[in-house]
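Structure first, then comments.
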2 protein chains.
Amino acid sequence: MRVINFNPGPAGLPLPALERARDELLDFQGSGMSVMEHSHRGREYEAVHDEAIALLTELTGLPSTHQVLFLTGGASQQFAQVPMNFLTPDTSADYLMTGVWSEKALDEARYYGKARVAVTTVRPDKHYTRVPRQDELKLDPQASYVHLTSNNTIYGTQWHTPPDVGTVPLVADMSSDFLWKKMDLSRFGLVYAGAQKNLGPSGVTLVVADKGFIARGRKDIPKIFRYSVHAENNSLYNTPPTLAIYLVRNVLAWMKSVGGLEQVEAWNRQKAELLYGALDRLSGFYRAPVERESRSVMNVVFHLPTPELDAAFVADAKQQGMVGLKGHRTAGGIRVSTYNAVTVENVRTLVTFMEHFVKTRG
Amino acid sequence: MRVINFNPGPAGLPLPALERARDELLDFQGSGMSVMEHSHRGREYEAVHDEAIALLTELTGLPSTHQVLFLTGGASQQFAQVPMNFLTPDTSADYLMTGVWSEKALDEARYYGKARVAVTTVRPDKHYTRVPRQDELKLDPQASYVHLTSNNTIYGTQWHTPPDVGTVPLVADMSSDFLWKKMDLSRFGLVYAGAQKNLGPSGVTLVVADKGFIARGRKDIPKIFRYSVHAENNSLYNTPPTLAIYLVRNVLAWMKSVGGLEQVEAWNRQKAELLYGALDRLSGFYRAPVERESRSVMNVVFHLPTPELDAAFVADAKQQGMVGLKGHRTAGGIRVSTYNAVTVENVRTLVTFMEHFVKTRG
Ligand SMILES: Cc1ncc(COP(=O)(O)O)c(C=O)c1O
Ligand SMILES: Cc1ncc(COP(=O)(O)O)c(C=O)c1O
Ligand SMILES: [Mg+2]
Ligand SMILES: [Mg+2]
Ligand SMILES: [Mg+2]
Ligand SMILES: [Mg+2]
């Protein structure tokens, strides 16, 4: 029996994508071997690789100005790889600070060049409960790029429209909301996301980048770190994480089969409405710290009246087959991660549980 | 029906390791979710992670001076990460040049500091057919480290004893022969290997390093690239490739179950004797270019009298259920990769085929 998985990442994946992997794990398409035993240069694997790229292109409506890459090292490696490619000791990038992951990205950038805080919504208690408004940004028109975290996994805040940054390339860490809906990726110089939320297992990092932007990246850095090298080699410069990419392909094929990103978005909005609706209705018991306009569709965070009740909530939910609800240690409380594989029905079950919990423990 | 897989990497994996993965792919140990859906900070996954490390420690008899790390980016990223950690523009490392992969490692090192060629066995035709003798090495006693490729996957040469490099830390790319037998890893400052030959799927890189050596690595580089950071966090600094590590665990558990590295070595020696025996016996037809003392136990390369016969050999073998025999484009000819998951019986089947091929086409 499968549990209801609200893990923040690695997270639950759509059952059909996993079943497909299981069914052909020992014999991929009658080839007599597992997909992970195939050469990354053979036609069987290359078809999977290219299909994953084609599906992503189709689902997002990606224009031909942009390219999909499969890298590794997680979003954390991108924190360093972006400035390695696009900063020098004499140039500067603008960072929009909205949470723990923005802070880590900024820290890594400072090894390569000047990284400016163009805005921060940090509060005196060091926490974050919103993303900035456009009029708060103090942008440097000379910046090499502007970096933001589109969804703050820990604090449960999200940019609902990307800011206007003029002609400076916009770089976004979309680890926890990539593909939550259809969006205009042509507005971004580079987008990156660890797969382990909406897209697949951990072990592969998706990058979608403007071809011109990455072609202008530094050439005096090791080849393996250059986006341009991976782009020229269709992410086959060295051995890619073939099994992880295969699973991403399965997840993307599932997304297409259920109706594409329009359907995925509709479900995600329903899930968020159910949860925030319950939090607003039961606000005498549950406290949702995030400002309304910054509420994340992917990670819904709240607190019960005491840490003991937080713990009881997590324990009781587990009893009822719902896992992954404990908030991040930085933020405490409860976090409900409702990535694409979480169903509306799963969220209804949780909301019913939340209502019952207030009645019995409130 | 599973084929006989002589792929050079990604390569065949032991069937029990794959079956175990398939059987629990949707429900890991009754947890109601796949291992890839578990949090990397939860106790279910951490048990797998720690078991993989414990198995590797036990199988290799690793002393407590050394630590196992799980990184990503393949061996190619290690080509850059090693000099990033241990070189500065003012310091130098010695490179022992024995093939294509040594050349790539040298090229990446030069972005960070001085990288000296302490020996090369390159021939006028740019190919390599042997590793150097100890008396050929021109070592710099001030070097930050000495780098070698223990097994040259493309050219089919192998160091059968690591060179004596005095007190300078020895760094080895063991991508294609790590765990082919028990060896004294305490002699190495750092060893790295992409998993996709002897150890698991692509997508995870094993590193075994001297704790003191990595603690002395540079601190003015991004955290994500510091071996010391991964060491302090038991390879959980950021989200590791959990599914790939789980599969490595399965492969290591299989190695232990069949009798450990002593048994694995015995099989590998038998396989190599069968193949090189056939090549020597049939040397009027098959030409094995590698000098006898440098012959690799893992990648056996040879040529037929013409490229047309090479191609016919590959095609006929495929007809008979044996795949992955085409030589690397750099070297041409045939390459038989006999990693740990290839059985003695598989090699006997190939040798019978080789004998038959000479009779019918020779
Ligand atoms: C928004 C965001 N960025 C970065 C990271 C770090 O990702 P990784 O562990 O893949 O390096 C996370 C992890 O949860 C995240 O949510
Ligand atoms: C000895 C050796 N080093 C390095 C590499 C490159 O490994 P990766 O593709 O994992 O970067 C290979 C790949 O076959 C190899 O055989
Ligand atoms: Mg995480
Ligand atoms: Mg955050
Ligand atoms: Mg390879
Ligand atoms: Mg080689």
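From the backbone N, Cα and C atoms, a Cβ is placed for every residue, glycine too.
Automatic, uncurated: that is what TrEMBL annotation is.
Listed features, source TrEMBL:
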DOMAIN    A:4-350  domain 'Aminotransferase class V'
BINDING   A:R41  L-glutamate binding site
BINDING   A:A75, A:S76, A:W101, A:T153, A:D173, A:Q196, A:N238, A:T239  pyridoxal 5'-phosphate binding site
MOD_RES   A:K197  N6-(pyridoxal phosphate)lysine
Other than its own, how many Cβ atoms are within 10 Å of the Cβ belonging to A:R41 (L-glutamate binding site)?
15
Filter the recorded positions A:T153, A:K197, A:N238 down to those with CB closer than 6 A to an atom of ligand 1; keep them in sequence order.
A:T153
Could you give the maximum C-alpha to C-alpha distance in Å for the residues A:A75, A:S76, A:W101, A:T153, A:D173, A:Q196, A:N238, A:T239 that bind pyridoxal 5'-phosphate per the record?
31
Where A:A75 (pyridoxal 5'-phosphate binding site) and A:R41 (L-glutamate binding site) are concerned, what is their Cα separation in Å, rounded?
26
Three-state secondary structure, which DSSP defines for A:S76 (pyridoxal 5'-phosphate binding site):
helix
Return the member of A:S76, A:Q196, A:N238 nearest to the residue listed as 'L-glutamate binding site' in space, with distance defined Cα to Cα and candidates limited to these binding-site residues.
A:N238
Taking the recorded positions A:S76, A:D173, A:Q196, A:K197, which residues show a Cβ-atom distance to ligand 5 below 6 Å?
none
Among all protein chains shown, how many Cβ atoms are found within 10 Å of the Cβ of A:D173 (pyridoxal 5'-phosphate binding site), not counting that one?
29
Of all the binding-site residues given, namely A:S76, A:W101, A:T153, A:D173, A:N238, which is spatially nearest to A:K197 (N6-(pyridoxal phosphate)lysine) at the Cα level?
A:T153
Return the residue, from the listed binding-site residues A:S76, A:Q196, A:N238, with the maximum count of other C-beta atoms within 10 angstroms of its C-beta.
A:Q196
Local confidence of the prediction over the domain 'Aminotransferase class V' (A:4-350), expressed as mean pLDDT:
98
Give the three-state DSSP assignment (helix, strand or coil) for A:Q196 (pyridoxal 5'-phosphate binding site).
coil
Which chain-mates of A:T153 (pyridoxal 5'-phosphate binding site) that are at least 6 residues away have a CB under 8 A from its CB, listed by sequence?
A:P8, A:G9, A:G99, A:W101, A:S175, A:S176, A:K197, A:M298, A:N299, A:H328, A:S337
